[in-house]
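Take a look at the structure set out below.
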Amino acid sequence: MSTTQIKTPKGTRDWAEDDLILRNAVFAKIRRVFELHGGAEIDTPVFELKSYLTDNYGEDTKLIYNLQERGGELCALRYDLTVPFARWLAMGNIRHIKRFQIGKVYRRDQPAVSRGRMREFFQCDFDYAGEFDSMVPDAEVVSITAEVFEALDLPVTIRINHRLILDGLFSALDKLPWDEVQKEMETKGLDASVATKLGGYVLLGSAGEFDLAASLEMLKSDPLLLKNADIQKGVEEVELLLQYLNAYGVATYVKFDLSLARGLDYYTGLIYEVVLDDEGTEAKLQVGSVAAGGRYDSLVGKFSSRDIPCVGISFGIDRILTVLKARQEANLKPQTSRRLDVWIIIASSNTLLVEQRIVIARELRQADISVDFDAKADKKPRKQMDVAKKSASVVVFLEYTDVSPGGIRVKTLALPEKNLDNATAVDRKDLVCEVKKRLA
């Protein structure tokens, strides 16, 4: 017998039982929001041609998993769902679409499992592709983001910034002290006084003291900054965005943060990052951002001769699940989802009632009710109940009798009721209706 420890590869995990139930419930809520906004689902290969991936992630290219060459093609596991989407648009000559995708992505990063940072993890993406009126798609993506976290009952702040306001300079902001960033700005031709003012706004934004409207008013009131054409255009677009966010009723979620700098190379306009409002949870788990995205108008052009404007958001499912699971464990939001509607229990191990259980299970399934029973039923009812409480919402309780039609008596019990004596007797012919009532 081997003494080697059996384990999953570093930064990966198995999904089963309660964790999988929770994950699927989260997927269902996110998918529903996407569908309410007219999203069409797509699915792309888990690996792409390596050349399609290596030119789009800047410093993060080193995190891409390369695959061993077979058949003459150099391939790599997808790093995100955005670049494959851009490739799909170019390949199909598609000009307009709202799309969503749920799938695994891979990054050869240092994992932190307790914070939901994995090497194999899920993303849920919604993207808007095509030529539309300015800021209309961007505002809808922000609204979708807010609606998703409302559905998940997670309070968040959506931090936004605009690439034009600090065009070409963002990559340094999260990595260098401000004095070095200011020097870099000046070497790239930005007036020293403008750089100094921007520094003040960056520090102000990172402090999170002002909402979107207040931040815009500060920028608009500064004639020195508005002399810069890029800054002026960026401010105008964010101002228009605010109007649409008010119409969507989600403007209160949004903060303008000039310190925000996404590390990817393909964003061209607005950029988003979503963080938890629950400071206690964030301080404990340190999950970081739980969603991020932005506008990328030039990415499709890397695959074809024609650019297609795009904007989208990507939800970090593993980080979101880490937070939701922590809530469950703290009994703040207990898990109530169960994988089955009904579990069938027999009263005595001396009479297994196998055929009767099969017939009843078939009838319930034909009525679109999920049901199961233990194929090894020589267990005491209490032990069967232990299984039922973990799996189902209703128990159908069978016991043998000489006086009932078919030789069985049927009772139902809605969980989490624990006392079998409180089960309600049901006419055999009324079982399906009774179960549906209890499930309603």
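The backbone N, Cα and C atoms fix where each Cβ goes, glycine too.
Computed from a predicted structure; not experimentally measured.
Look at TrEMBL and you will find 1-334 tagged as domain 'Aminoacyl-transfer RNA synthetases class-II family profile'.
In the three-state DSSP scheme, Tyr267 (L-histidine binding site) falls into the coil class. Shown in sequence order, Arg163, Gly294, Arg295, Tyr296 are the residues of the chain, 6+ apart in sequence, with a C-beta less than 8 angstroms from the C-beta of Tyr267 (L-histidine binding site). The L-histidine binding site annotation in TrEMBL covers Asp80, Leu81, Thr82, Arg107, Gln123, Asp127, Arg262, Tyr266, Tyr267.
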The correct three-state DSSP answer for Asp80 (L-histidine binding site) is coil
Mind checking which of Thr82, Gln123 has the fewest other CB atoms within 10 A of its CB? They're the binding-site residues.
Gln123
When you measure from the Cβ of Asp80 (L-histidine binding site), which residues in the chain that are at least 6 apart have a Cβ under 8 Å away?
Val105, Gln123, Asp125, Ser314
